[in-house]
Each structure stands twice: as C-alpha cells, then as structure tokens.
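Taken from TrEMBL, the feature domain 'G-protein coupled receptors family 1 profile' covers 62-310. The annotation transmembrane segment is assigned in TrEMBL to 47-73, 80-101, 121-140, 161-183, 228-246, 258-281, 293-312.
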Amino acid sequence: MSGNNISEPTSQMENEWIQQAINKENWTMVSDFILLGFHDLYSFKGILILGLLLIYLLTVTGNLMIIMLVTFCQSLDSPMYFFLGHLSTCDLLLTTVIVPLMLDTIVREVTITFVGCFAQFYLFGSLAATECFILSIMSYDRYLAICRPLHYSSVMNLKRCVHLAFWCWILAFMLMLLTSIQIGRLQFCGPNVIDHFFCDLAPLLQLSCSDTSFVEAENLIGGLPATVLPLAFITATYIIIFHTILRIPSSTGKQKAFYTCSSHLTVVCVYYGTLIVAYLFLSKGHSLSLNKILSLLYTVLTPLLNPIIYSFRSKEIKRALSKFLRVI
C-alpha cells in the first residue's frame with residue numbers, strides 16, 4: 001500500500017514536469033511579431049503616408065531648430081531654454097522611435113524581432129517618462145523665476161541644471177527598465193500578430209499566454225512616479241505661481257509674469273491632455289482603429305506641437321531664429 005501511495009504522486013509530478021517542458025518548447029516558438037499597422041485603412045494608404053511623412057519631417061525640423069538655437073545662440077543661454085533643448089531632444093528621439101516603423105507598416109506587413117519589439121517599447125516608454133520629468137523641472141524653473149526671483153540665479157545655476165536634466169533621463173530609463181524586464185519574462189506561445197503600428201504595452205499583454213496580472217500591477221505602480229507624480233508636482237507649482245501672480249499690484253507685471261510661463265503651461269496641457277484622453281479611451285475597449293488614431297496624439301502630434309508653441313509664443317526664440325537665418 002505504502003509503495004503504491006508513493007509511486008502515484010511521483011508519476012503525477014513527472015507528468016506535470018513533462019507537460020511544463022512541452023509548454024516551454026511551445027513558448028520558444030515565437031521569435032518575432034507581425035505589426036499590422038493601419039491595414040484597415042488601406043484605401044487611404046497614400047494619404048496616410050504623405051501626411052505622416054510630412055508631419056515627421058516638420059517635427060524633426062522644428063525640434064532640431066530648437067536644439068540648434070538653444071545650443072548656439074547666447075540670447076537663449078538661460079535655464080528655461082536649457083531644459084527646452086532637452087525637451088526637444090526627447091521629442092525628436094520619441095518620434096524617431098515610432099514614426100519610421102509606422103510608415104513601414106503602412107507600406108507592407110512588418111515583421112519585428114522579439115528583441116526589437118521590446119527595445120522599441122522600452123525606448124518609447126522611457127522617453128515618454130523623461131518628457132514628464134523634464135516638464136516638471138521646467139515648472140520648478142518657472143516657480144523660482146516668478147515666486148523666488150531673488151534666489152533664482154543662485155539656485156538655477158549651470159551645475160544644478162545639468163544635474164536636474166541628468167536625473168530626468170536616468171530615472172525615466174531606470175523606472176521603465178523594471179517594467180520591461182517583467183514583460184521580457186512573459187511567455188508568448190502564439191499568435192504573434194500585433195494589430196497596432198508599434199509595440200505598445202496593451203497589445204503585448206494580450207498576446208502573452210502567461211499570467212500578466214503582476215506586470216499590469218507593476219506597470220501601474222511604476223507609472224505613478226513617472227507620470228502621476230510629475231503632473232501633481234506641476235499642478236501644485238502652478239497653483240503657487242498663479243497665487244503669486246494675482247498678488248502683483250500692476251497689470252503690466254501680471255501680464256509679463258503670465259507670459260513667461262504661458263508656453264510651458266500650454267505644452268503641459270497638450271502633452272498630458274493627449275495622454276489622458278488616449279488612455280481613458282484605450283481603457284474603455286473601443287475599436288482598434290480608434291485606439292490607433294488616439295495613439296497618434298502622443299506619438300506624433302505632441303512632438304510636432306511643442307516646437308511650434310514655443311516658436312510662436314517666445315519672443316526670444318523668434319529673435320534668435322531671425323538672427324540665425326540672417327547668418328545663414
């Protein structure tokens with residue numbers, strides 16, 4: 001009796017190990033993913049390619065212009081424009097990570113390797129988080145300039161600006177690395193078709209045959225310091241800024257103070273507005289076509305609008321651009 005009792009569990013355990021081994025062999029079958037892109041808008045392929053290519057070229061040109069002006073024009077040698085240069089660099093890299101591959105998906109059915117897919121997801125997420133941190137640092141800069149003008153020069157010196165910008169990039173890439181590692185541990189046993197134009201989190205989790213609850217929870221927790229906390233910091237900072245501006249006795253002083261932070265506030269509203277709208281709709285289970293269109297808001301539209309907003313609303317950039325064009 002005792003011998004039979006021992007052998008039966010042992011045999012059952014062996015069967016489980018064999019089944020696990022078979023499953024692992026199946027999991028390793030997925031070595032790449034197929035991006036469908038805008039296959040459901042095939043009849044508008046020509047218009048899509050032309051429009052997105054034009055937007056991409058304008059985005060690259062606009063952000064490169066901001067980076068060059070901030071780097072070479074002495075009139076823009078201030079902390080606000082130093083951080084603006086980093087913001088434009090972030091926008092330039094973010095749109096380059098997404099748009100070229102997106103254009104390729106419109107032309108044909110694109111196959112991307114397992115490593116390439118996760119590299120794109122990691123870079124996109126890291127750059128999006130970097131932009132959130134940079135925007136929060138820029139709000140702190142405006143707070144010091146308006147609310148603590150006597151301490152501005154001593155606090156926002158070059159060394160402090162370099163340190164703040166450095167940690168914006170490092171923290172964003174470190175936070176995103178945690179989520180990427182967890183996703184890399186998931187098993188994908190097929191299908192391998194992603195009905196999207198880039199490797200985003202939601203379609204990747206849908207394809208996994210592993211339990212994704214831990215990854216979803218980790219991504220939610222990791223998203224707090226990367227997106228929610230910077231937004232809360234920006235909101236609190238501008239409440240103090242507006243309170244300070246309203247206490248300025250002269251109307252001219254109020255207008256000047258509002259003008260110095262209007263460009264940054266507009267960029268913040270555009271960036272977080274598109275993120276909130278997109279992810280609120282994405283979480284409601286709308287059609288895939290609508291999800292793709294909403295994803296275009298923060299992957300294509302925002303990087304284009306940022307340099308346009310600063311170019312039209314900043315007199316210093318207008319003057320620097322005019323001088324730069326005369327030199328050329």
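Numbers run from 1 along the shown chain.
Note: Cβ is positioned from N, Cα and C throughout, glycine not excepted.
Away from its own ends, the transmembrane segment (47-73) comes close to residues 38, 41, 81-82, 84-85, 88-89, 91-92, 95-96, 99-100, 102-103, 106-107, 300, 303-304, 306-308, 310-311, 317, 320-321, 323-324 of its chain (Cβ-Cβ under 8 Å, at least six residues beyond either end). Across the domain 'G-protein coupled receptors family 1 profile' (62-310), the prediction's mean pLDDT works out to 88.
Highlighted: of the candidate stretches 80-101, 121-140, 161-183, 228-246, 121-140 has the greatest count of Cβ pairs under 8 Å to the transmembrane segment (258-281).
Note: the stretches the transmembrane segment (80-101) and the transmembrane segment (228-246) are not in contact (fewer than 3 CB pairs below 8 A, sequence gap of 6 or more). Long-range contacts of the transmembrane segment (121-140) within the same chain, counting only residues at least 6 positions beyond its ends with a Cβ under 8 Å from a Cβ of the stretch, are 80, 83-84, 86-87, 90-91, 93-94, 97-98, 164-165, 167-169, 171-173, 175-177, 179-180, 183, 198-201, 204, 226-227, 230-231, 233-234, 237-238, 264, 267-268, 271, 298-299.
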